[in-house]
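As recorded in TrEMBL:
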- 20-48: transmembrane segment (TRANSMEM)
- 68-90: transmembrane segment (TRANSMEM)
- 102-124: transmembrane segment (TRANSMEM)
- 144-163: transmembrane segment (TRANSMEM)
- 184-202: transmembrane segment (TRANSMEM)
- 296-318: transmembrane segment (TRANSMEM)
- 330-351: transmembrane segment (TRANSMEM)
- 357-379: transmembrane segment (TRANSMEM)
- 400-421: transmembrane segment (TRANSMEM)
Amino acid sequence: MNLFHSGGLLGQLLRSQKAYLDAIGIPLSLSALLWIAGPLCGMLVQPMLSAMSDSYMPKPGGNKRKPFIVAGAGATVFCMLGLAWIPDIIKFFARIFGYDENGIILVANAFIWIYGLNIAVQPLQGGVRTLLHEQCSEEAQSYVAAWQGVIVASGVICGYFLASLSFGQTGPGAMAAVSRFQSLTLVVCAAVLVCAGVTVMYPYDNAGHENSCAATSRGGRIFSLSDACRRNWECLQTMSKTTRITLQVQFFSWMGWFPALYYQTAYLSSVLKNVISHDIQSNSEAPNEAEHAARAALPSAVIMLATAVCLPAFARSLTKLDSDASLSRLLDLWLLGHILFALMMGFTTLVNNEMQAILIFALVGIPRSLTAWVPFTLVGREMTRSRNAGTLNSLHNAAISAPQIVAAALCAILFVIARNFGVENETVSAMLLSSLASLLAAWKTTELRAAFLD
């Protein structure tokens, strides 16, 4: 669980990298190619590494997930440090090899470290999630997933807190931004190493070990790409109908969540322009739009945490019900979450002041907490029965990552259309996409409910 907390801090670091990349001179036109590293690696890399983890045969008494968690944590820290110290790395090699510090070298370094970081985090994320679900019974999945959501939400809050502190040099300017990012990186690196160390030191049952042995005895090459592809295909073919529909719900759900989360600050900044304009006309000091909008996004994280804290008690009450009644209530909650999210995103077209915008995104914290709980409960139930638990978990992650790429492309098209029609706040179109996608997720959730209760 402690690694989920550090994951929230890592997420804050990744959100802070835009200001850092601007400060070291990375062109804005390349930011999309750098951003896409996260979902692209989640969609392609994690399924391969998780399949290798499923095939891995540890020594007697060992656990198949631990080596991947350790390797992922070490590589993640290495890449975070490399990313934060790009200017110094360039200067160091420039002195050794005598080349000029040009833009091509800078961009190449940024691509290497950012893509390296997003590859490195895959075995860490996949290994920890799989380990958590493997150690729990099918009946306990709801309770464990609820606590997982609490830890993730608290990590998000801690990330906001760390981002608000004055690390390194203070004030405006590129050097201050670089110094702040480097200081934040050191804190996150320490958290990841400590949490990973505590996680792997704890003794775990080696769930699925017998299946690994069986797979190896059949002559499978446990670290071959072909075996990883075979396992992913086998997992896709053998997963239950309900899990397949759950992944479809997640696809539409995250097609909606991406615009809401990624463009939230931009939307709030646009809404705040009217307030700032009024402040200037009143001869009062106008706040910085981006910083003020980032602070305005904090209530959403607080509501997410408050909701998440209530879920473990609710999850415990579900264990007293029979399986059908428990699943029915879970799916009803998830359905209501989709509908609430769709309504809130639709209401963004009616906002005309700062408080309305903050209230809308604060309420979004409720369905966000449900999204971090219900689908992981449903997929976790099947993971306890599957010999390809890591692969199944990574396919769930791919169902979350792939729609983010689709949503990013759709948002780019919508922004062009909005500009051509002279729309003042083009990010509203992204919020409407979120609303539509969430309605599609709600429709698939009703189909999922029928499949479970059939």
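Even glycines carry a Cβ here, placed using N, Cα and C.
Long-range contacts of the transmembrane segment (357-379) within the same chain: residues 129, 133, 141-142, 145-146, 148-149, 152-153, 242-243, 246-247, 249-250, 253, 257, 260, 264, 267-268, 271, 296-297, 299-308, 311, 315, 330-331, 333-334, 337-338, 340-341, 344-345, 347-348, 351, 392-393, 396, each at least 6 residues beyond the stretch ends and with a Cβ under 8 Å from a Cβ of the stretch.
Only pairs six or more apart in sequence are counted, and the transmembrane segment (184-202) with the transmembrane segment (68-90) gives three or more Cβ pairs under 8 Å, enough to call it a contact.
Segment contact is absent for the transmembrane segment (20-48) and the transmembrane segment (144-163), given fewer than three CB pairs below 8 angstroms at sequence separation of 6 or more.
Relative to the transmembrane segment (68-90), the listed stretch 102-124 leads the set 102-124, 144-163, 330-351, 400-421 in CB pairs under 8 A. Remote same-chain partners of the transmembrane segment (330-351), defined as residues 6 or more beyond its termini with a Cβ less than 8 Å from a stretch Cβ, comprise 142, 249, 253, 256, 260, 267, 271, 318, 357, 360-361, 363-364, 366-368, 370-371, 374-375, 377-378, 428, 431-432, 434-436, 438-439, 441-442, 445-446, 448-449, 452.
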